[in-house]
Amino acid sequence: MLNGLDIEGDSLLHRMPVRGKLIALFVAAIGLFLTAELRLLVPALVLSAALYLSTGIGAGEAFRRVRFVLFTVLLVAGANYLFHSLHEALAVFCRLSTLVLLAAAVTATTGISAFMDEITRLLTPLERFGFVRAADVSLAVGLVIRFVPEIFARYGEIADAHKARGLPVRPLTTLVPLIILTLKDADTIAMAIDARGFRRH
Amino acid sequence: MTTRDIVLVALFAAIIVVLGLLPPITLGFIPVPITAQSLGVMLAGCILGAKRGAAAVLLVLLLVAIGLPVLSGGRGGLAVFAGPTAGYLVGWVFGAFVCGLIAERLVKEEQGELTQFLAFLAAAVVGGIAVVYLFGVPWLAYMSGKAFFETALAGLVFVPGDLIKAFVAMLAGRAVLAGYPLLPQRA
């Protein structure tokens, strides 16, 4: 049910290390907000679109993934056109779309486990201050991926139970049993984790 | 955090993901469809309290960032954080925290039903709406360049839907407190 958004491939971005990609994305974001020059922003947009498509993602899938964010970008650009100038609208549109496409390109070329490894590495310095344990974060991510299909199935069962009794499926009457039934499992799951010694200190 | 707390956080994050899988509801008198996912943010604070609630929301955002399509409508990946509405997502974490903080302070098990309802409503409105907008609106305004005032104003079309969610969070928060209380034992 939960599949990552990464595409298999061997493009330039695929071969780049995760940290390098994230730093490049961050630098690009700062750079894009420093300029309002269309002579720079339009080529940047073309370049980022080319980069996104070079990941081997099909054009249809590429558009499907970013259409919602691009829609909000378009609304913001439209507001700029209505209340200010065309130049301002184009600058905002190019700047934000470039950033969205670059971010989508990073996501399309980075596997979930590679990304998670990088997060674990970034969190390790925080362990020294006792903030968070990197192993706990990976454990929690694993648990979510494991339990989403089960909770979704449970929602279906609760909705069926409503229909069997001739009751309308309302958010409130389904939500409360869903939450209580799910959270009641916490004790047994926690015991199972401790019994296996996953969180050794 | 104990192992049980980590499991509770993960299970609640999974519930928030499932809420995003449900189809959005359209109500006649509000121009935008309502998704149940931001209801999950209010519920996280009302049910798990400040620390665990914020951790559950943070976990969902981590899943988004590493490239899982867990936001409503199958959205996910870093592109979501690059868009103009990313401030609302950041606001979710602080919103769940404040919501939990208010619920922890105001709700007591021995109180009457009405007092508990009002406390949960206050938590959901302040944490789940005010704090979320406090991050979302300025971010949206900054991203929109010169038309910042107009876009910030347009962001307010979501307020009626959010008030309905706060009301549902109030009812559900109290029902869960009666059925399986987790709020009194803070992490």
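Cβ atoms here come from the backbone N, Cα and C positions, even for glycine.
If you check TrEMBL, you get these features:
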TRANSMEM  B:6-32  transmembrane segment
TRANSMEM  B:53-72  transmembrane segment
TRANSMEM  B:78-103  transmembrane segment
TRANSMEM  B:115-143  transmembrane segment
TRANSMEM  B:163-183  transmembrane segment
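Tertiary neighbourhood of the transmembrane segment (B:115-143): same-chain residues 38, 41-42, 45-46, 83-88, 90-92, 94-103, 106-107, 149, 151-152, 155, 159, 162-163, 165-167, 169-171, 173-174, 177, selected by CB-CB distance under 8 Å and a gap of 6+ residues from either end. If you look at the transmembrane segment (B:78-103), the same-chain residues 6 or more away from its ends with a CB under 8 A from one of its CBs are 38, 41-42, 44-46, 48-54, 56-58, 61, 64-65, 67, 71, 119-120, 122-124, 126-129, 131-140, 143-144, 151, 173, 183.
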